[in-house]
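Features of the protein shown, as given by Swiss-Prot:
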ACT_SITE  K166  active site, proton acceptor
ACT_SITE  H285  active site, proton acceptor
BINDING   N114, T164, K168, R286, H318, S370  substrate binding site
BINDING   K192, D194, E195  Mg(2+) binding site
MOD_RES   K5  N6,N6,N6-trimethyllysine
MOD_RES   K192  N6-carboxylysine
SITE      K325  site 'Transition state stabilizer'
Amino acid sequence: SVGFKAGVKDYKLTYYTPEYETKDTDILAAFRVTPQPGVPPEEAGAAVAAESSTGTWTTVWTDGLTSLDRYKGRCYHIEPVAGEENQYIAYVAYPLDLFEEGSVTNMFTSIVGNVFGFKALRALRLEDFRIPTAYVKTFQGPPHGIQVERDKLNKYGRPLLGCTIKPKLGLSAKNYGRAVYECLRGGLDFTKDDENVNSQPFMRWRDRFLFCAEALYKAQAETGEIKGHYLNATAGTCEEMIKRAVFARELGVPIIMHDYLTGGFTANTSLAHYCRDNGLLLHIHRAMHAVIDRQKNHGMHFRVLAKALRLSGGDHVHSGTVVGKLEGEREITLGFVDLIRDDLIEKDRSRGIYFTQDWVSLPGVLPVASGGIHVWHMPALTEIFGDDSVLQFGGGTLGHPWGNAPGAVANRVALEACVQARNEGRDLAREGNEIIREASKWSPELAAACEVWKE
């Protein structure tokens, strides 16, 4: 008889193994599976494990040349999702050998590469994954991390303040630099290129870099504080991106930026390596994330993209606000905020954390709260995000009736007032508006901002 039995067979015979004990070296994934009508959950979960590891749709004779038991993904647990009809969380374990070291790109190609178009599934979402410590150690991670950044900038004991320069498209380089200078002069720590400011006909990248560097140094000289502007190095090719990073380094600026999802993980990891080698901080914007993470039942949760970014490398990453114009539930957001900045995060399903994650001292990433926030949100933001964060007010700075610099002053005064109140033991959640009102008595800039945006 032939060595193998040809034909299509049920995945669950090979890939559903409820008795499997997960290894410390396994990569674990939690998928939200919505099977097609009539497909049992075990078969759907096994199909995910198979298609994202060694499986193919039929038995092949070359299976005999390898050890499936060593290399196959295994669906080791399935649980129904409370309150949802025909939705399950399928837990899959992947042997470490399936993944190339230090490659977020390969990790994603394996885990989420093919399986999302699978016919037996109506929808599939990767909710969380556990990166084993052995695999974490193959990545450089963030170029510098939270502590090194504070030391470079000499800023301690408070969140950092930023502002995206608007209008995002159409300013000339010189006017853009002027807006940067005014914000930094007023008291912000950072200003930011918008994510879609790359190198367009109305403002080429080199001109922008030059005028922004000039703005930085002028503001630094006048305030005695270290200032930064996130120079967006995102480009059409990796070579061009590195060229921009090199020019930023030659100007001596402290920080550059990258759009990591549109730019891609390979480009991002290269840039992160360059940044560590050359003392540049790296700010990461998440343009395109909602394409991947907005649907509740299909795609990937942002916490997965955030963990991947920590492996690939970035010192700041945008993470929603909990308040403001973009959606984000508080506990869930705080869950992935801790995932990117803490060293050990315990499993906690109420915060959306499916696995305990040990980062074995990989540097942390500062979460960036940005999008529709203004001075009245400051107490809540300070309380929710704590000191290790960057609070970014675009319109909330530039929309000030007296101009950019007074807008920056208003934000800085509000922040310092909240930090002081917190340090004095006051309850920011309860007394927030009162704290801002008190501070505005001493700051006409803040008082004007309080008028424009009502609490």
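Every residue gets a Cβ built from N, Cα and C, even glycine.
Keep in mind that this is a model prediction, so the values were computed, not measured.
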Between E195 (Mg(2+) binding site) and T164 (substrate binding site): CA-CA distance (Å): 9
Listed in sequence order, residues with CB under 8 A of S370 (substrate binding site) and six or more positions away: G162, T164, H318, T321, L391, Q392, G394
All-chain count of other Cβ atoms within 10 Å of R286 (substrate binding site): 24
Environment of K192, D194, E195, the listed Mg(2+) site - residues of the same chain whose CB lies within 8 A of the CB centroid: T164, I165, K168, D193, N196, V197, Y230, N232, M257, H285
Those recorded positions listed as K166, K168, H285, and which of them has the most Cβ atoms within 10 Å of its own Cβ: H285
Candidates K192, H318: member of the binding-site residues with the richest Cβ shell (10 Å): K192
Close recorded positions near R286 (substrate binding site), where close means Cα within 10 Å, chosen from K166, K192, D194, E195: E195
Packing count at N114 (substrate binding site) (other Cβ atoms within 10 Å of its Cβ): 11
Sparsest-packed of the listed binding-site residues (D194, E195) - C-beta count within 10 angstroms: D194
Within 10 angstroms of E195 (Mg(2+) binding site), Cα basis - recorded positions out of N114, K166, K168, H285: K168, H285
In three-state DSSP terms, the structure that T164 (substrate binding site) belongs to: strand
